[in-house]
Amino acid sequence: MHKPIRSLIRIQLKMQYANAFQKPSVVIGLVFGIIGLLFLAMVFGGYMLQIIDVMYSLLEPSGNTDAILGTLFLMNFFLIFILSLMLIMNTFYFTEDITSFLHLPVHSYQLLIAKSLNPLIYVYLLTAAMYLPVTIFYGTLSGAGFMYYVYVLLLFFLIPTIPYALAAAVVMFAMQFVNKGKNKDRSKVIGGIIGFVLIILLNVVLRLQQDPEQIAQVIADNAEKGGLLQMATLYYPPASLMSHILTTAGSWQSLFYFVIVLLLAIAAGLLFFAAAQKFYMKGALGLNTGSGKVFNGKGLGRKPKSVISAYRAKEIQTIFRTPTFFLQCVAGAFVMPALLVVIFFMGDFASATTMIEGISGSMLFVVILFANVFSVGLNPISIVSFSKDGQSWEAHLFLPLTMRQIVIAKLQAAFLINLLPLTVLFVIAIPVIQMNLWEALIWVVIALLVNSAVTVVGMVSDLLYPKLGWTEETELFQNRLATLMSIIITASAFVFLFALLLILQMSMIFSFIVTVVWISVVIVLLTYIVSRLLKTADRTSLSR
Amino acid sequence: MIQIDHVHKQYGNKKAVSDVSLTVPTGKIFGFLGPNGAGKSTTIKMVTGILPVDSGTITINGKDITSDTIAAKQEFGYVPDSPDLFLRLKGLDYLHFLSDIYGIASDVREARIEEYSKMFSIYEALGDQIKTYSHGMRQKLFITGMLVQQPSVWILDEPMTGLDPKSSYQLKELMRNHAANGNTVFFSSHVLEVVEQLCDEVAIIRKGELLFQGTLPEMRERFQSDDSLEHIFLELTQDA
């Protein structure tokens, strides 16, 4: 490997992962993360394999089972392409460290190969999760030989190269126009929102056809007519080549196809190289974060604020002006209610209303409670309460601010931002539940209480596992034990309440009283924990 | 006035500051010198309440930074050595934030923000995020913040770093005026010429221990040297 590339990769690895595994919190987080991924893989994998099983039995009589592999490679291509678009945009253009490399005497392609390390880890993880179980399962169904599995492994390494390189070329080509002289922060926010829309659309597509047998039947019908492989060949020729390699594994023909795929992967590499050399610098050098406007004196005179409201305003300004915080905590806040609607009702309010009408008393109460907890429970705003200050935390140590003022202002800011998803949910709920005034009032009180509890839970989690020493804001939302801790505390606090409400089967009003008492106790207990944690914390790093 | 009394600070087995006692009087500009890693920043961080004191006491205008923290912090303004704080706030938002924290009245802050930001040529950039500022501009913004606050004690850690000659001159003038009005200016610096022109008194620290405190003539007399401050400093701080 070229020496500059090796050095760049080494420095990237050091910056992102050095000492990471020496912290017990990271190791525990990793273990829980792997368990979670395995659980998801089992659920999703089981669903996928069920489809494959049905498809295989439907297609076997006509000898069209290779369509399964063709479909798999086509799906892989699209998913990796979409994932790569988002990852590449972030890694190549929006990370703060990119300017540290631009002055180095290295070629764009060398820098971008090193920068690709992190996105490629995600891309290969996705490929491993999607491709390996299906091909191995297909191999057992078809009684494939040794060479089949050799090609499965070889193709595993080649599959992501083509969509990744294509996505990189598309992004690099587009960014030279999009970002020239434009605001980096704004582009980042727009890119992130497009990402959220894609996630919601993906959920809509998944919701449209949920029955595995139905999906298998549709795909099999198409395959019978030769439609799927044709489609695969038309949109993405390597998909059919790859499926031929596996179905004819062991023959000269498969080796021939493999060489073609290998050449295509090399061509993709060359495309990446050419795009990097020709377009990258034009896009990257055009980025800036300044407004370019000259200050005209507006806002020079301002009414004085109390310490807490000045601090709260500072918190909200920081969240809204930092693209990563804005996307995760504000724009992302709208995603949860939207997903809730998509997942449960697909926007079909009529059937949802019918369903809700059948529910009454404590069950309806549990639905209201669950919807609110789900909407705010996953919003990371309070989980980054302290950590988002990063190195600015030092200023809190020399400014005349008490910890009480800081905690109250941070809780208020998180509480206010968490009101966004709750309001969206409330507005959606009005036509669905057709609430009367009394029910609406209960909803509002519950939403406010849930919001308070979840906000304090997030702060406790952040204080237990703070992360002030970050270089990129995105680090605060990746692999953090604080996030896991927050989910565990929220789940523990509310699962007990849900169980209690379901077991006792009380009327709406008694459910309400039990909930208010329970959540109030939780809030008081957690607030006490916050005060203890702050007393024992080393103020410089907040760690104990 | 800043009073540092028998202060110790240790990181693990390493002594960062050992039994340092200093008096920074009012009406004087006090320079704090020492090579890199000598304990200057650790001492300043303890004075400003960023780091806790292991033992000893520090008072600012008679208020103890450990036991009467908030009152002590109200007494001083601080310009840190790396002004990379609150990067996502706009310059103007930062100045208003600081004014709110220190309770500066609306009309007073408006006039001061305008005066000092124009003096340091950052007025036109006040609508931009601090993140977009150069190092020198960030330094000027933090100095402006301190001037808007106008506390009696100024604590500046390497304040001249990154400043252009005009701003550097203006800051020196402001420091002189502030001290002449009976206030305290305590600053650390590597630029010995600045210390020589500006300081009424200096203290030199090496390996966490105070080597000298006094006026420049006193220093020359004590070390029986007519050499420049640079020579004396180099001799004092070289490894034994």
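Glycine is treated like the rest: Cβ placed from N, Cα and C.
Among the features that TrEMBL reports, transmembrane segment is placed at A:21-47 (among others).
Per TrEMBL, the feature transmembrane segment maps to A:67-88 (among others).
The transmembrane segment annotation in TrEMBL covers A:120-140 (among others).
The annotation transmembrane segment is assigned in TrEMBL to A:146-177 (among others).
Annotated transmembrane segment per TrEMBL: A:189-206 (among others), in sequence order.
If you look up TrEMBL, you'll see A:255-276 (among others) marked as transmembrane segment. Packing against the transmembrane segment (A:255-276) from elsewhere in the chain are residues 107-109, 111-112, 151, 154-155, 158, 161-162, 164-166, 168-169, 172-173, 238, 241-242, 244-245, 248: each is 6 or more residues past its ends and has a CB under 8 Å from a CB in it.
The transmembrane segment annotation in TrEMBL covers A:325-347 (among others).
What TrEMBL records for A:359-378 (among others) is transmembrane segment. Away from its own ends, the transmembrane segment (A:359-378) comes close to residues 333, 336-337, 340, 418, 421-422, 424-425, 429, 433, 442-443, 446-447, 450-451, 454-455, 487, 490, 494, 497-498, 501-502, 504-508, 510-512, 515 of its chain (Cβ-Cβ under 8 Å, at least six residues beyond either end).
Taken from TrEMBL, the feature transmembrane segment covers A:413-434 (among others).
As annotated by TrEMBL, transmembrane segment applies to A:440-460 (among others).
TrEMBL lists A:481-503 (among others) with the feature transmembrane segment. Sequence-distant contacts of the transmembrane segment (A:481-503) (same chain, at least 6 residues past either end, Cβ-Cβ under 8 Å): 25-26, 28-29, 32-33, 362-363, 365-366, 369-370, 373, 377-378, 380, 382-383, 387, 453-454, 457-458, 460-462, 464-467, 511, 514-515, 518-519, 522, 526.
Beyond the ends of the transmembrane segment (A:509-534), by six or more residues, the same chain brings 361-362, 365-366, 369, 403, 407, 442, 445-446, 449-450, 452-453, 456-457, 459-460, 463-464, 489, 493, 496-497, 500-501, 544 to within a C-beta distance below 8 angstroms of the stretch. What TrEMBL lists as transmembrane segment is A:509-534 (among others).
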